[in-house]
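Straight from TrEMBL, the features:
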- 600-633: repeat 'TPR' (REPEAT)
- 640-673: repeat 'TPR' (REPEAT)
- 680-713: repeat 'TPR' (REPEAT)
- 720-753: repeat 'TPR' (REPEAT)
- 760-793: repeat 'TPR' (REPEAT)
- 800-833: repeat 'TPR' (REPEAT)
- 840-873: repeat 'TPR' (REPEAT)
- 880-913: repeat 'TPR' (REPEAT)
Amino acid sequence: MINQTARGLFRSGITDPKLLKTSTVGRQDLLDDILGKLTSRKNKRSGINQLFIGPRGVGKTHFLSLIEQSIQENKALEKQYTVVRFPEESNRILSFADLLLEIINILKNIDNEMFQPLYERLETEPSDDIVIDEILHYLQQWHNKSKKNILLMIENLDVLLSEQVKAKIDIHKFRSFLMDNSHIIMIGTAPTYFSALNDVKHPVYDFFDIQLLRELNEDEIMSLIKTHLKWDKQDDLLKNFNSLKPKIQAMLSLTGGNPRLVMMFYGLISQDRLDNIKLELQKLLDKITPFYQDRLKDLAPQERALLETMALMRSEKRTPANISKQFRKSREITSVLLKRMVKSGYLSVNTNPDDKRSRIYRIKEQFFDIWLAMNESRGNRKYIPYVLDFFSMWYPTKKERDLKSKALLKELKQDRENFNKNNIQESLEYLSESSSDSNDRVMEKAGIAISATKIGEYDFAKKIINGLDTTNVGSKAIFTWMSKSGFENQSQNDNVGINSIDYFEKIVKYWKEQHSGQLERASIIFNELKEELQNVGLHDLHIALLKEKLSDSATNKEKGGLHNDIGTVEFRSAKYDNAKDSFIKSLEIRQEIGDKAGEGATLNNISQIYNARGDYETALKYLEQSLEIRQEIGDRAGEGTTLNNISQIYNARGDYETALKYLEQSLEIRQEIGDRAGEGATLNNISQIYNARGNYETALKYLEQSLEIMQEIGDRAGEGTTLNNISQIYNARGDYETALKYLEQSLEIRQEIGDKAGEGATLNNISTIYNARGDYETALKYLEQSLEIRQEIGDRAGEGTTLNNISQIYKARGNYETALKYLEQSLEIMQEIGDRAGEGATLNNISQIYKVRGNYEIALKYLEQSLEIRQEIGDRAGEGATLNNISQIYNARGDYETALKYLEQSLEITQEIGDKAGLCVTLFNIGHIHLQNNEQSKAMQKWAEVYLMAKEIDLAQALDALEKLAEQIGLENGLQDWEEMAQEFSDKGKNE
């Protein structure tokens, strides 16, 4: 059972006498000394006049109680002395006569028969002389009768002799009283040296034997706390007493070793209940206010102002220069005051660690510092400064804070009756903000947030995360992402299979290893995280993690690499301007330190920005610089990569022949150096050239080779990509069943490995199968899933593509208004990210909405904008498609001649780049123009050419269109009739 004992912090007579004695520390030598003097004096004629000086709260009252109790417990001393102890505030004493009256007022409780009548007779006597003469006579009589000495105990002697008894004649009488009556002994106390003690003209100058009562040291505070815990039967705390040492050290710092303040804090140690820390601390501050107010009264006005000025300097270093500035006094005046306050024990001073020259001052008792600051204007501060200061000192180590956090979280989870959740949460907030180390604050906030989510306290976890105040851009961004993704959008994340809290927990684990010095383990976790975040497409979090790592980076080489990595992720999320800035920073660092390999890689990456924006000319320049460096240093792997990327520029321009040459060079290098992953990627890209040309058979062969390699080396991401691309071949051939099977395999892999970007792309492609089948409802569902993922991971380019494709569903349904809205959203994204190729394609598609509505003028304007962009960026395939569409506007208007001119330009381009699929479309449309011009033979010839080419490349869309056309123009046997007609035209050509 725990004792509940009253303790007198300001008044004597409240604390249990046994506890008073057993809890005494740091005073035994002084106690033994005074008791020894009292024992040995016996018949000596001179009295003992002792003055103990110590600051308020140092235990002067306690010490007098110890002396009194020791006399009562010692039969010899008890027989020799009668203690006459004055009240701590004896405000009625204004003269020597009043002092004597107070002595007999106390003695009447000891010898009522002798002193009660005397007191009643003299209590209202107006003559001081009569009072003095009679009392002195009675005191002598009483001594003669009892054989006992009177031991006077007078506290606040400074006030009595300086402010209350002001007449020098009365003080002279008091001195004579003590000197002339050897049976009268006085022990007094005062908080400071008062002027009378140093004034040679004052009656009490050099009269008292003065001793100082000092503050307690750490060992003495330890002993004091342990004694009180034993008294209170706090067995659990005693068993783990070593765990209290940090708090006891904090108490020493907070109190300066002042015993009264130490005992005020004892309640916080013995209970450690911080459910309502602000309330408890405010109670403590309120309780201590009179004590500190009295202390301030002992100081001059300028000294009080200086202390308050320093207390309000919560963030600035308290150097003389800074203090002088805030104090608005000269450096000289400030310096004099600072030195005086150090000497009087209010301040301490240390060398400034920043410059090793200047000095930093602090208020010696940190709790006094907190008390002075507690009235500071709070404004919009999230944390009350003095509460935060208390937490920082009361829980100084991370281990302490972690233990307390766990205990509070456990209480939060229990949700018991009559418990204040808000108070616990507020305490946790202050704990998380208490460390002076910003890294610790980040980790502690993160740890509390994670634990809170596990017990369902999501709102509180979010509040903790949003409370982070750090200059580290990466850490702040990670917390921002967690707040938004982990709490605001977690339901959306669940839909796409992302558990934000899991990733956040892994990041916290990485932080802990990093900041504990376990760099190897931290590096492993970091690299695993990078790979996972890349696979799932969490670009914002990935960037934040890299930036956080960058802030801790020590070498320029590492910084160059991290800037490059950041740029790569920014590029993936279509933040092209940001990516470019990051790549430029990387390039500058790598050029500066002579990292040629890194320089080549970054130049290659910069090219991808320009490629994505359709600026193929600039992209090619960067790639040529990259290639030159990589060839110069013999970086064969890098050379293979750059050659591959150069091919993509020519591919985008529709120059398939040149693109193929570069891919063949890339393939040769990658096979030569055994780069199987690179070889698989290049084979994949070669297939895209043949696909673009409509040579699906050859494209499929290359894809099958690529797939074999990806499966062989276990490149699941590459396997998913290749399966996706194979599906596009079967889609183009009209074999939707097979195409869907490959897409489902691709989707399964991408979901399995967490490749969110790839998953979004595959869902988009699955929709095209259902779209081609006319199942618009299912197609739309897949597109909506794709859109959700792409928006979630920040894939802006992919988002724009999916919005474009959604528009095509609504267009096919005849809902042109909705289709146009989606296209406008897509266009906005393409323009925002600078995707010129995507912008050109979207403008082309917008034109088709206006075309089907019959608004040919607006349709033509959009097509002209599309054509301008595609010509500007060198997109030959796109240019051919737009020219084809422009022809359709003139065709619809009946201007067949102009329509034919545009089709002939389109034909020239598609033939030039070898785009057989595009060639089929253009020839088909030329046939219609001839038909409109009543040139049926020419029309049939063009359509026969389309048949042969579509048959060759197995282009299902063209063959389907020809079959429908056959029915319209009276060819009953469909494709068979086209076969015969093609043969007829072929034979005719041979004969001619």
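The backbone N, Cα and C atoms fix where each Cβ goes, and this holds for glycine too.
Packing against the repeat 'TPR' (720-753) from elsewhere in the chain are residues 497, 535, 680, 684, 687-688, 691, 694, 696, 699-700, 703-704, 706-707, 710, 759, 761-763, 765-766, 768-769, 772-773, 917, 954-957, 959-960: each is 6 or more residues past its ends and has a CB under 8 Å from a CB in it.
Summarised by DSSP class, the composition of the repeat 'TPR' (880-913) is 32 helix, 0 strand, 2 coil. Long-range contacts of the repeat 'TPR' (800-833) within the same chain: residues 574-576, 612, 760, 764, 767-768, 771, 774, 776, 779-780, 783-784, 786-787, 790, 839, 841-843, 845-846, 848-849, 852-853, each at least 6 residues beyond the stretch ends and with a Cβ under 8 Å from a Cβ of the stretch. Between the repeat 'TPR' (600-633) and the repeat 'TPR' (880-913), fewer than three CB pairs separated by 6 or more residues in sequence fall under 8 Å, so the two stretches do not touch.
Counting residues 6+ beyond its ends, the repeat 'TPR' (680-713) has Cβ neighbours under 8 Å at 640, 644, 647-648, 651, 654, 656, 659-660, 663-664, 666-667, 670, 719, 721-723, 725-726, 728-729, 732-733, 877, 913-920, 949, 952-955 in the same chain.
Secondary structure of the repeat 'TPR' (760-793), assigned with DSSP and counted as helix (H, G, I), strand (E, B) and coil, comes to 31 helix, 0 strand, 3 coil.
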